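Each remark here refers to the structure printed beneath this line.
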Amino acid sequence: AIAAVITFLILFTIFGNALVILAVLTSRSLRAPQNLFLVSLAAADILVATLIIPFSLANELLGYWYFRHMWCEVYLALDVLFCTSSIVHLCAISLDRYWAVSRALEYNSKRTPRRIKCIILTVWLIAAAISLPPLIYKGDQGPQPHGRPQCKLNQEAWYILSSSIGSFFAPCLIMILVYLRIYLIAKRSNRRGPRAKGATREGESKLPHPMAAGASASAKPPTLTSSLAVAGEANGHSKPTGEEGETLEDPVTSTLPPSWPALPNSDQGQKEGVCETSPEEDDEEEECGPQAVPVSPASAGSPPLQQPQGSRVLATLRGQVLLGRGVGAAGGQWWRRRTQLTREKRFTFVLAVVIGVFVLCWFPFFFSYSLGAICPQHCKVPHGLF
């Protein structure tokens, strides 16, 4: 029964991790640089399932090491290498999540495939540094029961403690601290979320607001015109036209934020130009020249204001205000930023669950393994439990 369950787990591990690698390498949506961590982690798990678990199962079922002594040394080194690599990969992924959440703009520009590959190489080098000492220094293998060969990990106390700290306890501590920090950042971001939603968007706060109700009756609401106002024809009213006589849409009013109330068109109630009188001046006759264009006093006599492509011009009684092309785009950037943070937090939560389960599975082994080195005489761990 044990052999059947372990065999099923081996096949399931190989199949599942192969699907992960295939999905990342073939799907365009999964070709982000950080997903290379998942490819390397899946490769380490496949190596554990193919090169470690079958021989470990045979050793447990037979009760002794059936294979050659040389393969025993290589097997133990590979066991430590692949298992340590899996744990350190999870530590690297947690650090990547933390940097992506805490310093998104700065880190995303640095998160290149080359940088991720360098981190993965560092992970494998750390795992190799922990797994190589048993090949160099074998130490005391202990007695051989019934004269049968055994294949056990190094029993030296210094190696047990150092390998346990480097392979499990240090990465586990880093992951706990990192995910605690991510939780605090997410909590603080959620607190600031409602206030950020109600805040005025950057750029729109620079726009002059319509006059409030109750203002002086002689006050005139701002008149919106294009910076390239075209005079009307000598007889009758007309809107600005293009080169072929097609009616052009007012470039200012068409790009105003939706929160602005609709204002009367600049050509309604006006003759031969862009002019308007206040309510007190309705009884008086005021003629506008055919070339009249509203400009500020400071700009009188100066060349007309050039309107860059993609920009907008707001003309009021006090003059013209040139709005850059970035006005109104801050809101979209804010929503994109918030969407990215939400996606990062969701992915971080999933990884936290995976890492939590992984740590719970590894903790009993490393705890009992270290306990035998700390107090070998009084803290005997049963062989079946180990």
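Placement of Cβ uses the backbone N, Cα and C atoms for every residue, glycine included.
According to Swiss-Prot, the transmembrane segment annotation covers 1-25 (among others), on the basis of similarity to another entry.
Panel annotation: around the topological domain 'Cytoplasmic' (26-36), residues 93, 96, 100, 111-113, 115-117, 120 of the same chain, lying at least six beyond its termini, place a Cβ under 8 Å from a Cβ of the stretch. Swiss-Prot lists 26-36 (among others) with the feature topological domain 'Cytoplasmic'.
As annotated by Swiss-Prot, transmembrane segment applies to 37-62 (among others).
Using DSSP to sort the residues of the topological domain 'Extracellular' (63-72) gives these counts of helix, strand and coil: 4 helix, 0 strand, 6 coil. For 63-72 (among others), the entry in Swiss-Prot reads topological domain 'Extracellular'.
Marked as transmembrane segment by Swiss-Prot on the basis of similarity to another entry: 73-95 (among others).
Sequence-distant neighbours of Asp79 (site 'Implicated in ligand binding') (same chain, 6+ residues apart, CB-CB distance under 8 A): Val48, Ile52, Ser56, Ser131. Look at Swiss-Prot and you will find Asp79 tagged as site 'Implicated in ligand binding'.
Positions annotated as topological domain 'Cytoplasmic' by Swiss-Prot, on the basis of similarity to another entry: 96-117 (among others).
Listed as Cβ neighbours of the transmembrane segment (118-140) (distance under 8 Å, sequence separation of 6 or more from its ends, same chain) are residues 36-37, 40, 73-74, 76-82, 84-85, 88-89, 92, 96, 153-156, 159, 162-163, 166-167. The transmembrane segment annotation in Swiss-Prot covers 118-140 (among others).
Annotation source Swiss-Prot lists topological domain 'Extracellular' at 141-156 (among others), citing similarity to another entry.
Annotated transmembrane segment per Swiss-Prot: 157-180 (among others), in sequence order.
Counting every protein chain shown, the number of other Cβ atoms lying within 10 Å of the Cβ of Ser163 (site 'Implicated in catechol agonist binding') is 23. Annotation comment: Swiss-Prot describes Ser163 (among others) as site 'Implicated in catechol agonist binding'.
Feature annotation from Swiss-Prot assigns site 'Implicated in catechol agonist binding' to Ser167 (among others). DSSP assigns Ser167 (site 'Implicated in catechol agonist binding') to a helix in the three-state reduction. Long-range neighbours of Ser167 (site 'Implicated in catechol agonist binding') (same chain, six or more residues apart, CB within less than 8 Å of its CB): Val80, Cys83, Thr84, Ile87, Val88, Ala127, Ile130, Phe366.
The predicted model assigns the topological domain 'Cytoplasmic' (181-350) a mean pLDDT of 50. According to Swiss-Prot, the topological domain 'Cytoplasmic' annotation covers 181-350 (among others).
According to Swiss-Prot, the feature region 'Disordered' maps to 193-310.
The compositional bias 'Acidic residues' annotation in Swiss-Prot covers 278-288.
Swiss-Prot lists 289-304 with the feature compositional bias 'Low complexity'.
For the transmembrane segment (37-62), the partner stretch with the highest count of Cβ pairs under 8 angstroms, out of 1-25, 73-95, 351-374, is 1-25.
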